[in-house]
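Peer 1: Pasting a structure here, questions to come.
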Ligand SMILES: [Zn+2]
């Protein structure tokens, strides 16, 4: 009888099983389009190789009396042809399954992950390795130094942090909104020189336990106890009183017939869009958010002058607090704009959002948040509450949070893959299941892709969004998953 | 690639009309990067509705028995049939909803069937047959059933340890009733209690470490 290793789910990740529903299964998808029809057999081999290297992905989610916990398993993943909708449910209570899946359809390889397991950045590490392993098999001639490369890349596990934020963007704070994922061996080696401790080869069990640990507890805070003290002390000071929150405009619509996520995708060359954002002096994320507000204002009759729109923008904390954890490690920042109180042009809105965002995305502010997260993680009272009650509380918190948001955003930024994947992958995709309209941004090889998801069938806001972009002279192409009865009528599956 | 003049968009896939504005498209269609996934109506939702309404009917039919009182002799056969059907339906419902974990199902079964029998006994002038015979037999049978199930379907210990623990605990309840003097004939209760204790000892000696590990996991603070 094997005793399986397990790690309890951290509080941040706990929200995902607790707030999961038929409409929003809390699954996100990262995809890549290669330059040929995907070979399922090679993809399976690549998946097996990658799976070996990521002990965290062996986990199944189980329920205890006080906690959800991630438990090591002996399940093996299998590549399948895409037969389910985008972001189809992954975790079901009482059913012991892996918390991710890899599917392929024509030229696309997609990785779907249950959000309690990992965040976008963590999943991107997995997808990167998968794509590298796959293209190396598919194009064996193109990686002469394959062995050497593998040695260098394989850090034992997913110890693959992103480089520290580069000096990009013109605006202070642009950094946080503008991520760069250069997952090449070079940047990896560069970043890790002197940082990575030499470790004796460890067993799978140890790897699992280490990698499934809550991300907030992996930050090397012991390095700087004074900073910890200072930040902790500072936090005791009550925060400045916030201005009273106005009622936030929320988008409503018709639910999709079988509660599937409505997924649409706009892809375009990245450079001109970046140019537009730069011309306004803002980060891309804020520019695209402002466009989204504008698109909703144009389509939604309820969004009159004087209404407030709000967006939540996640910030990858690894940029500020080096951590090699692939677990959830982000903080969300809420930004809002009230229409009818001044200049409502997308550029002006974006600048306003940028200002608010920058104020909260400073290393100091994020450090305070991080320490709050650590404290919550260690808070004794949170421990003795039975899990069903915790889940109910988290579900309510999630619901209240949702009420104050018009849209959620996620930007994985610019991705660079190692050779030979880099030259064979074109566009990449990013979608997150959602209870309200959401858009996700990812760019690779000069292609910018914006993935729109929503629980509603309506697409008018995407139409306006696309028109805003094409009106600026950008060539946009649309790909959509069929969702409604009419769309699916008479189409071969 | 097809294009929509209204949106000035290129549209991927074999769309007849623009998915955004519904306008006509021009150009040659190419295969979509997304498969067309047929609509799947949630069987789960249908099951849930069926389950809740059935439970309602069952609870009501049990409560309705109270209206007829103890003395209604003519009701005897009819009442037995009625309760029998309701109980069977209840068991079927539980089997469906707990089908993924047989050990869990057994616990639910013991609690529900035991409860119904005690109620039944109460309805028919409370002669104590449920506590004397039915409960001990039910508990013993469930423990034996559990042992067979675990063996037959090679259940992972983690899956059954908590619920088999509960089953064994339930197996000890007849002993409690015996000591309280609520039981007429002692033998069935004694056999059931002995069986439970034997299984506990067996489980702890053979799988003690694994049981402790699993309990520590589940009860981790
Ligand atoms: Zn159109």
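Note that the numbers count up from 1, one per residue, in the order the chain is shown.
Placed from the backbone N, Cα and C atoms, the Cβ positions cover glycine too.
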Peer 1: Given the ranges B:29-48, B:49-68, which one is assigned the annotation transmembrane segment in TrEMBL?
Peer 2: B:49-68
Peer 1: If you check TrEMBL, which stretch out of B:7-25, B:102-120 is marked transmembrane segment?
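Peer 2: Checking TrEMBL against the ranges B:7-25, B:102-120, the transmembrane segment one is B:102-120.
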Peer 1: Counting a contact as 3 or more Cβ pairs under 8 Å, with residues at least 6 apart in sequence, do the transmembrane segment (B:186-206) and the transmembrane segment (B:49-68) touch?
Peer 2: no
